[in-house]
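The transmembrane segment feature in TrEMBL is assigned to A:44-77, A:84-102, A:108-130, A:137-157, A:169-191, A:198-215, A:221-238, A:250-268, A:274-294, A:301-320.
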Amino acid sequence: MALKLCSTGLVVEENSSYSFASLLDAILRGIGQVFLQNNSYAGLLFLIGIFYNSILFGFAVLVGTIVSTMTAISFGVNKDQIRAGLFGFNGALVGIALLYFLQPESLTWAYVIFASACSTVAMASAIRLFDVWKMPTLTSPFVLTTLCFLLACARFGRLHSTQILPTAGLPMVITVVDGVVNFSTVVEGLFKGIAQVFFQENAVTGGLFTLGLFISSRRAGVMAILGSLIGLMVAWGLGASEPAIRSGAFGFNSALTAIALGSTLLAFNTASVIYTMIAAVATVIASAALSAALQPLGMPALTLPFVVTVWLFFLGSSLFNKLRN
Amino acid sequence: MALKLCSTGLVVEENSSYSFASLLDAILRGIGQVFLQNNSYAGLLFLIGIFYNSILFGFAVLVGTIVSTMTAISFGVNKDQIRAGLFGFNGALVGIALLYFLQPESLTWAYVIFASACSTVAMASAIRLFDVWKMPTLTSPFVLTTLCFLLACARFGRLHSTQILPTAGLPMVITVVDGVVNFSTVVEGLFKGIAQVFFQENAVTGGLFTLGLFISSRRAGVMAILGSLIGLMVAWGLGASEPAIRSGAFGFNSALTAIALGSTLLAFNTASVIYTMIAAVATVIASAALSAALQPLGMPALTLPFVVTVWLFFLGSSLFNKLRN
Amino acid sequence: MALKLCSTGLVVEENSSYSFASLLDAILRGIGQVFLQNNSYAGLLFLIGIFYNSILFGFAVLVGTIVSTMTAISFGVNKDQIRAGLFGFNGALVGIALLYFLQPESLTWAYVIFASACSTVAMASAIRLFDVWKMPTLTSPFVLTTLCFLLACARFGRLHSTQILPTAGLPMVITVVDGVVNFSTVVEGLFKGIAQVFFQENAVTGGLFTLGLFISSRRAGVMAILGSLIGLMVAWGLGASEPAIRSGAFGFNSALTAIALGSTLLAFNTASVIYTMIAAVATVIASAALSAALQPLGMPALTLPFVVTVWLFFLGSSLFNKLRN
């Protein structure tokens with residue numbers, strides 16, 4: 001097996017049988033898989049949505065997806081997993097998250113490339129680990145990799161964070177409710193909630209993402225809207241601050257939970273729709289809890305609330321006979 | 001399958017075949033299962049003990065147990081698990097814990113109802129997760145649910161905590177030993193240690209709990225007393241503060257560990273009694289460690305020290321041939 | 001089965017069939033297993049290296065190894081596991097770590113004995129837990145036991161920490177790069193990195209450890225040097241402080257990762273050597289991340305970065321076909 005070093009420093013099999021078209025397809029599906037859609041058109045629309053909001057983030061997503069997919073190919077992952085984009089979506093998110101929280105300097109790009117390669121190892125590891133329960137990895141490899149690479153910056157003087165990275169602090173019980181929620185908060189928050197899955201606080205981008213979801217699966221589109229709306233409403237009812245609600249901060253995890261349970265993992269019947277809605281509400285509590293839990297580390301919760309809630313409701317579903325058809 | 005919404009907002013099968021008597025039995029066994037006793041008389045005595053100390057907490061336990069049991073019935077959990085009270089004890093503890101740490105306002109009660117329903121999902125999930133090792137869930141679903149719902153309050157302005165919730169802080173190595181331990185510290189601490197399993201700092205309540213344990217199983221009763229005593233003595237020896245010892249704070253986890261390993265999970269012989277006592281001592285260390293570990297979050301350790309220690313000693317026991325008969 | 005209490009308070013089978021020679025062999029292999037070497041000569045050289053630097057730590061290692069091995073024998077662990085030193089290496093590390101971070105008072109020694117016994121339970125538990133994935137426990141029982149026993153000191157007035165235990169604080173993003181790295185930093189850091197596996201900041205001790213590794217396995221020796229060097233270089237490149245680099249703080253986890261993946265767990269070919277080197281780099285990021293993550297608790301990361309990284313890369317390897325021969 002002849003090996004050569006390619007320009008990104010990763011090892012690629014010389015007579016690799018991936019055509020350019022099949023690689024492009026795998027990469028677009030990888031971007032689509034961020035919303036659990038194994039669909040290259042959806043992936044393309046997501047990518048357009050990101051480039052619409054920011055060229056920097058568009059490139060970050062591309063670099064992350066390409067590096068993580070190439071790493072998987074280099075170490076010999078089975079073709080069907082590559083083609084489904086399973087080794088692209090974590091890299092896509094790692095790329096965008098690191099450039100969201102770190103200054104776009106050359107060392108950061110090197111860091112992004114290495115982190116994206118590591119996300120492939122984390123994904124392979126997660127697949128093997130959760131296979132015992134036939135449980136999906138969701139975006140756990142992305143969360144693990146990103147938190148690890150962001151936390152590490154506290155020890156390394158040459159990596160510089162942006163102002164967006166939360167400051168470490170002790171969580172305090174807030175007693176005031178900030179700002180007044182009105183109709184524009186709800187509409188903006190709804191679509192920004194969907195856009196925030198890719199860290200884009202932009203309602204038009206959220207609209208493009210929703211369109212991509214409807215192209216791939218009507219049920220996924222409906223679930224994303226319902227999930228984001230539930231996230232927003234519950235956060236409002238419990239007294240979250242208006243700016244946080246408007247920014248979509250309480251929408252994206254619930255949207256992902258609704259898509260995962262409501263259109264992918266469970267059989268479709270009345271009980272499972274109710275179950276999915278309970279999970280979407282629970283995701284809001286989990287978001288608040290995990291964001292507070294990570295505060296002493298100055299770390300964002302990312303999509304961890306979605307991951308943890310869906311795991312819980314997915315594992316639990318096996319004991320609930322009403323959720324079967 | 002016709003479905004209707006019942007008053008608590010949960011879905012119940014119309015022609016449910018649970019009689020009132022069997023439901024009552026399941027609920028009392030659910031309360032009994034907090035001490036690992038599948039026994040309705042024990043559950044009744046525990047309930048009386050709680051009402052003796054506080055009517056509010058008595059209602060909290062009832063609401064939590066009923067909601068979590070009804071949720072399990074609604075989603076079609078198998079009848080034998082419902083009847084053994086397996087879907088009641090986490091709700092019982094979630095109900096009491098949330099009302100212990102949050103103001104008894106109407107939003108808190110709604111929060112308790114939703115959290116108790118979620119504890120059922122967490123329980124189903126934990127059963128499936130730990131089935132791989134044939135490992136009991138213990139009260140892990142309660143701990144997970146309660147920590148999540150308490151932590152979330154840091155982000156929600158409409159939920160108000162009581163003074164009892166610890167303040168977030170950095171753990172410091174204490175160098176002074178507070179107060180003098182005397183005979184009354186030991187007696188009070190011993191029974192309050194047993195009462196604290198249900199968050200009741202009341203020696204009479206602890207006495208009623210002990211009586212309930214003896215009714216259900218003499219070995220469980222002896223183990224509870226031994227465990228609470230060991231917890232107290234070790235904490236004293238290592239220099240814990242007198243008020244903490246008197247309150248039973250170092251007794252309840254050790255009491256539960258001793259009951260679980262000494263009367264439920266292991267074969268009964270000399271080596272396993274010694275093993276159980278080592279576990280009871282280890283539980284004190286785990287209590288101190290987990291309480292310090294959760295301090296930056298301002299969160300209580302609840303029964304997590306018991307859960308973690310018993311898991312460790314239970315899993316480990318499979319390699320120790322002397323613990324078999 | 002007649003039982004008697006031996007002087008350390010542990011129970012030993014009366015007609016135990018372990019000869020003194022076989023016990024001595026098990027204990028030396030236990031010390032060797034800290035570097036994953038099932039080799040008594042390596043263990044002896046490691047012990048000499050520790051005594052060379054500090055008589056206190058030499059005794060700590062002996063006490064920890066003996067107590068944890070005897071505990072395993074007492075509860076009837078299978079002979080082949082005892083003989084391979086599998087129930088010694090966690091105790092060895094627990095003993096040295098507790099005496100590194102706590103004052104060498106009589107209560108500390110009692111604490112060390114109890115903790116070493118608990119490390120045996122943690123090891124048995126870890127073997128059973130990870131058996132599902134055929135995954136090695138590595139030093140996870142040591143890390144768990146030590147963090148638990150050190151954290152517990154925050155609640156116990158009679159245990160006194162040394163100045164070396166980190167102070168609890170919130171992790172801050174450092175923006176300055178401390179000190180200038182020169183040739184002496186690299187040489188000292190390289191060997192101290194290997195010595196730090198046993199908490200010894202001494203280059204000669206590191207040299208003796210390396211010699212021991214070469215005696216046991218040439219590939220293990222080469223991997224240790226490569227790993228320590230990679231750890232140091234990456235930390236330097238990312239802007240770690242010079243004193244931290246010189247002390248070997250960024251070397252020992254990478255050295256262990258390289259030994260584990262490069263000479264024990266993976267098949268030996270070009271792809272797996274590249275994979276091991278990526279893992280060694282990833283260990284540096286994990287070290288920085290975990291050290292920052294534990295800062296609010298004032299706890300050291302110990303060998304947790306090695307454990308977590310190797311688990312990840314080991315589990316992941318099953319999906320990478322190029323890593324097979």
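Using the three backbone atoms N, Cα and C, a Cβ is placed for every residue, glycine included.
Keep in mind that this is a model prediction, so the values were computed, not measured.
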Recorded stretches the transmembrane segment (A:198-215) and the transmembrane segment (A:108-130) touching, at least 3 CB pairs under 8 Å: no
Intrachain neighbours beyond the transmembrane segment (A:108-130), with Cβ under 8 angstroms and 6 or more residues off its ends: 8-10, 60, 63-65, 67-69, 71-72, 75, 77, 86-87, 90-91, 94-95, 98-99, 102, 136-137, 140-142, 144-146, 149, 159-160
Spatial neighbours of the transmembrane segment (A:221-238) far in sequence, C-beta under 8 Å, 6+ residues away: 35, 181, 186, 189-191, 193-194, 209-210, 213-214, 244-245, 248, 250-259, 262-263, 276-277, 280-281, 283-284, 287-288
Close approaches to the transmembrane segment (A:250-268) from elsewhere in its chain (Cβ under 8 angstroms; 6 or more beyond its ends): 35-36, 136, 138-139, 189-190, 192-197, 213, 217, 219-220, 223-232, 234-235, 240, 244, 275-277, 279-281, 283-284, 286-287, 303, 305-306, 309-310, 313-314, 317, 323-325
Folded-back contacts onto the transmembrane segment (A:301-320), same chain, C-beta under 8 angstroms, at least six residues removed: 93, 97, 133, 135-136, 138-140, 142-143, 146-147, 197, 252-254, 256-257, 260-261, 265-266, 271-272, 275-276, 278-279, 282-283, 286-287, 289-291, 293-294
Residues from the same chain, set at least six apart from the ends of the transmembrane segment (A:44-77), whose C-beta lies under 8 A from its own: 6, 8, 10-13, 16, 18, 23, 26-28, 30-32, 34-35, 85, 87-96, 98-100, 104, 109, 112-113, 116-117, 119-121, 123-124, 195, 198-200, 202, 204-209, 211-212, 215
